[in-house]
Amino acid sequence: MAQENIMEDVAEVSDVKGLARVSERIWNYLSSQELWDFVMVASIKITAIIIVSYLVILIGKKLITRIFNLRMKTPINQSERRSRTIVKLLHSVLSYVVYFSAIIAILSALKIQVMGLLAGAGIAGLAIGFGAQSLVKDVITGFFIILEDQFGVGDYIRLNAAEGTVVEIGLRTTKIIGSTGEQYIIPNGLITDVINYSVNNSKAIIDMQVGIDADIEKVENLVTDYLKTLPERFEELINVPTFLGVQNVVGTEVTIRIIAETKPLQHYGIARVIRRDVKDLLDKNGIPMAYPKMMLYDRGSTESGGNEA
């Protein structure tokens with residue numbers, strides 16, 4: 001009622017007395033007990049809403065995480081990567097729902113007609129619906145990525161121009177951390193081709209070069225015996241690595257190849273260990289490794305051959 005009286009007197013601003021009456025009405029309204037009672041009650045309500053919302057999100061996230069941790073310990077086989085993905089998603093959904101509910105509650109505490117705002121928002125939503133097609137596409141694509149378990153949190157993937165470890169899958173975007181620390185944020189609607197390196201076992205392909213005059217049969221026996229000892233040392237290996245033999249002969253180099261099947265993404269470390277150990281093994285047994293050679297010819301020499309350096 002006080003606000004209506006103020007608006008009625010605005011037309012009298014040109015009149016000094018009218019301006020005085022408007023100023024008096026404003027002062028009376030601002031100093032009224034009714035206004036400050038409303039501000040006090042609304043402040044208490046808003047503070048309570050914020051505190052409760054924070055606690056609901058905090059407790060809810062811990063509860064969701066605990067439930068999925070217990071599921072992982074059950075005899076039923078649960079995909080750890082899928083569980084991590086769903087936990088992240090449920091955390092986001094919980095936050096969105098609580099934030100939305102808190103905003104509605106705060107508006108109600110301020111005695112703002114929420115239903116009217118929602119109706120207006122519905123009309124506005126229809127107006128911008130055509131411009132939000134990409135957002136809808138992102139959400140739908142994100143839903144099917146999670147539903148079909150195409151990739152999960154912790155997976156190492158190549159996605160469009162990005163490659164790295166998935167740290168978050170939301171309904172709208174996917175976040176990836178690259179090998180050098182850069183973060184990629186990709187709208188789900190733009191995801192087309194995905195290469196997932198974490199689903200199946202990896203294979204380490206190790207090529208090493210020995211000299212052309214090396215005893216290949218001796219090399220094979222030494223390396224094969226060495227490879228048989230690896231599964232006991234490294235749990236990352238699925239089985240005994242295989243010595244395939246001679247892969248190529250070029251100039252003074254003979255390339256031998258070894259293949260080792262490992263758990264996902266463990267092939268890099270295993271390949272480094274095998275290269276180091278095989279090099280040491282061949283050196284100890286007098287088997288020459290390949291190294292660049294250059295032939296020098298002396299034109300003044302009567303010999304048909306040359307000097308090797």
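From the backbone N, Cα and C atoms, a Cβ is placed for every residue, glycine too.
Going by TrEMBL, these are the annotated features:
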type	residues	note
TRANSMEM	38-64	transmembrane segment
TRANSMEM	85-106	transmembrane segment
DOMAIN	93-133	domain 'Mechanosensitive ion channel transmembrane helices 2/3'
TRANSMEM	112-132	transmembrane segment
DOMAIN	135-198	domain 'Mechanosensitive ion channel MscS'
DOMAIN	206-289	domain 'Mechanosensitive ion channel MscS C-terminal'
Apart from its near flanks, which chain residues at least 6 from the ends of the transmembrane segment (85-106) lie with a Cβ under 8 angstroms of it? 45-46, 49-50, 53, 56-57, 60-61, 64-65, 68, 114, 146, 149, 152-153, 168-171
When the domain 'Mechanosensitive ion channel MscS C-terminal' (206-289) is classified with DSSP, how many of its residues are helical, how many are strand and how many are coil? 35 helix, 27 strand, 22 coil
Going by DSSP, how much of the domain 'Mechanosensitive ion channel MscS' (135-198) is helix, how much is strand and how much is coil, in residues? 16 helix, 25 strand, 23 coil
